[in-house]
Amino acid sequence: MGKFVEKLENAIRGYTFDDVLLIPQPTEVEPKDVDVSTQITPNVKLNIPILSAAMDTVTEWEMAVAMAREGGLGVIHRNMSIEEQVEQVKRVKRAERFIVEDVITIAPDETIDYALFLMEKHGIDGLPVVEEDRVVGIITKKDIAAREGRTVKELMTREVITVPESVDVEEALKIMMENRIDRLPVVNEDGKLVGLITMSDLVARKKYKNAVRNEKGELLVAAAVSPFDLRRAIELDRAGVDVIVVDTAHAHNLKAIKAMKEMRQKVSADFIVGNIANPKAVDDLTFADAVKVGIGPGSICTTRIVAGVGVPQITAIAMVADRAQEYGLYVIADGGIKYSGDIVKAIAAGADAVMLGNLLAGTKEAPGKEVIINGRKYKQYRGMGSLGAMMKGGAERYYQGGYMKTRKFVPEGVEGVVPYRGTVSEVLYQLVGGLKAGMGYVGARNIKELKEKGEFVIITSAGLRESHPHDIIITNEAPNYPLER
């Protein structure tokens, strides 16, 4: 028998989400009692096992803030300049700090126009007025409404209450409430400005109790880089990013691996590498903290059709997870998630968390443009391998950067729209609720037990049809089962 026939006879069978279900198990576990927190790197523990994709129609700073507040993690895409991406990371970090250390300030002799420019640029409503490192006033948007052309010192509030570096959250909140102020400068022993506490940050800390934060009280954030963009990784690391996500269509590329090893040594942030779909890749990526699994499962990806390469996602997750376990690496399943039940299946197959694109692209916080089609609201969504994304700068992800002219790009993705789905909070509520329900059915109290107790059954096409609503005309659309996909 020829070797080519042997290839076919020895080929493994690959399964994806629609090919499997989990078998119900005896349980005492109630969905409301399960713990959905998960570790995705040695230093990053999430309160929900969900990351937003590093795509230019999915994750910029607003999505990253929303994800972190709900207990997940946003990965800011790299289809922008280094300076822009660094600023995006900083905006996430500034969103909820207890004490903001890199305070944006202004001198008393500056114009009101410049004060407005700074506020709009950095997304803030007020500025400490500083002279020789000492606070001499506070200027806010309320102070300068319709008063262009004047100087800061003419309109600033001069009587400024300050606090020492030793102040705690409750004390700061009490001072601000008693004095009816929303900004509290922090000064050192010499009276020099070293930080700023804002009422909005304190309120957010109490409102978003499930948020993931570092020891400074800052929201966690990740950012994507090319394996060959060392400067970008270093600048993001300096900006305080918590996780560097090396973002390439095929991470098991030997040139990329050499570059990633060098990058790993020069950044202190935790390090995730993707994407892969072959357990052999794990052997060469042991320098990473986690690997990201998925070659072509995304709704906007055409890699499997254009290149003929990929592994159905459930099988890819399982194969990679088995190998990753040997090295103590974490696994993130990236792509192909259509319903909350798919998240349950991905984790049961070995993933520690999932990355979502399509399901989050239609949210208010996603950067895609809103469009109206036949009276219904949609948001633009495109693959990073689509022609539009490649023209903007994403070609390198598919090893088509530099030498290829725009008209010669070979896209591995498409562009389109998805239905508007409301806020990130609303979408995640349904997804996490479905995950908790699935854990209850299999008797899993936490993510670890879901991996251990989840048993699969392979289903037929008839089984899949039976799994969905059938023999009915649906008149009221459920929030977790959209009629239009």
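Just so you know, glycine gets a Cβ as well, placed from its N, Cα and C.
Small disclaimer: the values here were computed from a predicted structure and weren't measured.
Swiss-Prot annotations:
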ACT_SITE  CYS301  active site, thioimidate intermediate
ACT_SITE  ARG397  active site, proton acceptor
BINDING   ASP247, GLY294, ILE295, GLY296  NAD(+) binding site
BINDING   GLY296, GLY298, CYS301, GLU466, SER467, HIS468  K(+) binding site
BINDING   SER299, ASP334, GLY335, GLY336, GLY357, ASN358, TYR381, ARG382, GLY383, MET384, GLY385, GLU412  IMP binding site
DOMAIN    99-154  domain 'CBS 1'
DOMAIN    156-212  domain 'CBS 2'
Report, in whole Å, the straight Cα-to-Cα distance of GLY335 (IMP binding site) from ILE295 (NAD(+) binding site). 8
Starting from the Cα of GLY383 (IMP binding site), work out which of the recorded positions (ASP247, GLY298, CYS301, GLU466, SER467, HIS468) are within 10 Å. GLY298, CYS301
Of the binding-site residues listed here (GLY298, GLU466, SER467, HIS468), which is spatially closest to GLY385 (IMP binding site) when Cα positions are compared? GLY298
Roughly how many Å separate the Cα of TYR381 (IMP binding site) from that of ASP247 (NAD(+) binding site), to the nearest whole number? 18
What are the other residues, in sequence order, whose C-beta lies within 8 angstroms of the center of the C-beta atoms of ASP247, GLY294, ILE295, GLY296 at the NAD(+) site? ALA249, HIS250, GLY274, ASN275, ILE276, ALA277, LYS292, VAL293, PRO297, GLY298, CYS301, THR303, GLY310, ASP334, GLY335
On a C-alpha basis, identify the one among GLY335, GLU466, HIS468 that is nearest to GLY296 (NAD(+) binding site); the candidates are the binding-site residues. GLY335
Counting only residues 6+ away in sequence within the same chain, which have a CB under 8 Å from the CB of SER467 (K(+) binding site)? LEU21, ILE459
In whole Å, how far does the CA atom of GLY357 (IMP binding site) lie from that of the residue listed as 'active site, thioimidate intermediate'? 11
Can you name the binding-site residues among GLY335, GLU466, HIS468 whose CA is within 10 A of the CA of GLY294 (NAD(+) binding site)? GLY335
With DSSP as the reference, give the number of residues of the domain 'CBS 1' (99-154) in helix, strand and coil. 18 helix, 17 strand, 21 coil
Could you round the CA separation between the residue listed as 'active site, thioimidate intermediate' and GLY335 (IMP binding site) to a whole angstrom and send it over? 9
Can you tell me the three-state DSSP label for CYS301 (active site, thioimidate intermediate)? strand
DSSP residue counts for the domain 'CBS 2' (156-212), split into helix, strand and coil: 20 helix, 14 strand, 23 coil
Relative to the Cβ of SER299 (IMP binding site), which residues of the same chain, six or more apart in sequence, are found under 8 Å away? GLY336, LYS338, GLY357, ASN358
